[in-house]
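Notes follow the structure.
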Amino acid sequence: MIWKCVLLLVVAVVMQHCYKLALIMGYHKTVYAHWPGKCHSVHPVLQGSEDIALSEDNLAFISSGLRIQVCDLDGIDPRNNEFVGRIYLFDFNNPEAGASEMILPKGMMGPTFNPHGIDTWFDSATGRVYLFVVNHRADEETVELFTFDRKNSNNSLAHVRTYREPEFRSLNDVLAVSSEEFYVTNDGYFRNCWKTLEFLFLLKWSSIVHVTQEGGGEIVATGHALNSLGKSSGLVFATSPVGRFLNVYKRNDDGTLLLRHSIDVGTGIDNIFVHPHTMDLWFGAHPIGHAFLEHTTNLDTPAPSQVIRLHPTGEQDDPFSSVELFELFSDSGKLISASSSVAVSGNRLLIGSLLQKLVYCEMTVPN
Amino acid sequence: MILKATVLLIALFALQRVWQLSPGFGIHSKGYIHRPGPCRTVKPIQTGSEDITLTDNGIAFISSGLRLNLCKQLFDKKIQQFTGRIYKFNFNDPGHAAVEVALPRELEKDFNPHGVSHWKDASSDELWLFVVNHRKDNDNVEVMKYNHELNSLSLVRSVQSTMFTSVNDILAVGPNSFYASNDGYFHGCLRPLEVVVGLALGSVVFFDGVTASLVVQRQSDLNSMALSKDGTRLFLTKTFEQQINIFNISKENGNLMFDRAIDVGVSIDNIYADPVSDDLWLGAHSSMFLLSQHMTNLDVKAPSKVVRVHPLGLETDRFESYELHSPFGDDGRLISGSSSAVYYQEKMLVGSISDTLVFCDIIV
């Protein structure tokens, strides 16, 4: 009798877990196309534009060529292994010029350079732009720090430092708080074949690490598949594309984080862009989980893309207690597949993808 | 032993029904806001604009004040106070409010309008309006003549039939002839049971001006109808199944032959076939779960969505392949429970079951 109850319980738990996975896979979902205005691909980006960071003077830094295979058995399209890690520059003040490839320092090429999340920090005293880049080296996870001098650089990046910390397990995004202090996300605990099991069992082993000026990393938050980071007036944000939620943390003076809200966004939000003027949060997103996975196993299979704007509507002391969600861009994969990032300047939109193109849109509709 | 088997069978059946109904229910759907251009509500409509019919010169007739007679206890009591009306909106003068159309005297006290359609005589410009009227005792189809100068309707005939079990929408194909869709059989509180169990008691009736005949039978979940540009195909929406069924129309007797079904992926309500482009415009409910909550309490917002189905196939089989677009999405604050959408020259009108009417300029 007891065994029957135990068996029933196990079956119920398994069924509920399968239901959760089915929701993540999004077999029940359909994508409806709509654009905010005229959109076109930005030349010559073809191997992804996974993350975008916007500097003070409307220059967008774009990481490209991300190689995502972590396990020989994960079925990733072998063409992705041939991708070349690059940083592109796109000038919103001159959108017709397309994206230009930045000159990287010697040593930042081949298996040594596999860029993922990026962020900028502007030093107003020196006029220098610092660029933090998550780098999946062949055998370790690092964060590279570069500088860019708009006036004297001829489009090149100078390498300043490589950060290595034992807390760097499976890095995804980086958030700069000064030229010497930043946060990173581990989107999981494992970096290898165990990652698949970690995903299937929906384990909450991802974390946010705080790296201070003094050196050393400290885990300041954990959660389910945390991905991208952003900040705005004392708050830090973290997305979860698998969990389909946005975490809002209060940032304490010592750099630790306190979770205030976990907001269900209903779609796989990836990289976050905090609008410098409106404080709205913009996301590149993956609306249908299984289509995203199919695209990674075969780059010719389109995956739907989506851009979401989250507008906080709560009181001044707790703005994210209630939110409005806008969908600025939705595509079946015809124009761009697996949109992972977005940057906004005025009424113009730049949309980046995990493994594919970069798209520029004019937003004609006041949204 | 028999008892155990029966319980298991019922449990399996219930599970299967939950599985079939749940995508349409949309518990996890979010109503993302997006617009094709500037949008606003159209005064003075606040008690519904369930269906819209659009003439070829941009005049829209809208049914308003629908009181669904399907288990009143489940619905917000405010709905019982709604007044049935027909409004007129002119796309050529969109800044103007919607104007109430004078009803025939015979119908003033017994008017509960649902689906609407129209027929225009190509040579004389005479206009007939066909309205599904849930009268106190039966569902009738009111065939009315529109007087343009007086902005009034006069009753030509009131069609009754035992085949009208629960009429939802109407599609006029001549000054005297039409198709009527029955969305089910039972009224009152047996209807929720009919839906949950999935009883196939819906049908489509063809009235040729003299006699009524059943042209589609033993179907569940039928809702709205539209005619293709060339008049040879009939589109029929199925809400929970999230599908449009396409039928070929027999010229001799109006019979319908099923051609294909297209999946739309959302709970669609009323359908409008654009006579210029062949696109199908649909009012849809992103979440039937939130819609049912909205109908129980009108203060609860239900997310709205307009879907445009754009055919990509050749002339012989237009909907063999198609693209799905959505020009409008709302979380319910501008319009809740969008049930219909019509398009005219880069402008759009969106109707709702029990809420507002929205007008949008389409600039993208």
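Placement of Cβ uses the backbone N, Cα and C atoms for every residue, glycine included.
Here TrEMBL flags B:1-20 as signal peptide. Marked as Ca(2+) 1 binding site by TrEMBL: B:E50, B:D51, B:N168, B:N223, B:D269, B:N270. Per TrEMBL, active site, proton acceptor is recorded for B:H114. Per TrEMBL, the feature Ca(2+) 2 binding site maps to B:D169.
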* Structure fact -> If one takes Cβ-Cβ under 8 Å and requires six or more residues beyond its ends, the residues near the signal peptide (B:1-20) are 196-198, 240-241
* Within the same chain, and leaving aside B:E50, B:D51, B:N168, B:N223, B:D269, B:N270, name every residue whose CB is within 8 angstroms of the centroid of the CB atoms belonging to the recorded Ca(2+) 1 site, in sequence order. => B:H114, B:G115, B:D169, B:S224, B:T237, B:G283, B:S339, B:S340
* Structure fact -> For the residue listed as 'Ca(2+) 2 binding site', the nonlocal same-chain Cβ neighbours (under 8 Å, six or more residues apart) come out as B:D51, B:H114, B:G115, B:S117, B:V132, B:A180, B:S181, B:N223, B:S224, B:M225, B:N270
* Could you check what DSSP calls B:H114 (active site, proton acceptor) once collapsed to helix, strand or coil? => strand
* Asked: Do any residues at least six apart in sequence from B:N168 (Ca(2+) 1 binding site), in the same chain, have a Cβ closer than 8 Å to its Cβ, and if so which, in order?
  -> B:H114, B:G115, B:V132, B:S181, B:N182, B:D183, B:L222, B:N223, B:S224
* Asked: Which of B:N223, B:N270 (the binding-site residues) has the most other Cβ atoms within 10 Å?
  -> B:N270
* B:D169 (Ca(2+) 2 binding site): secondary structure state under DSSP, collapsed to three categories -> strand
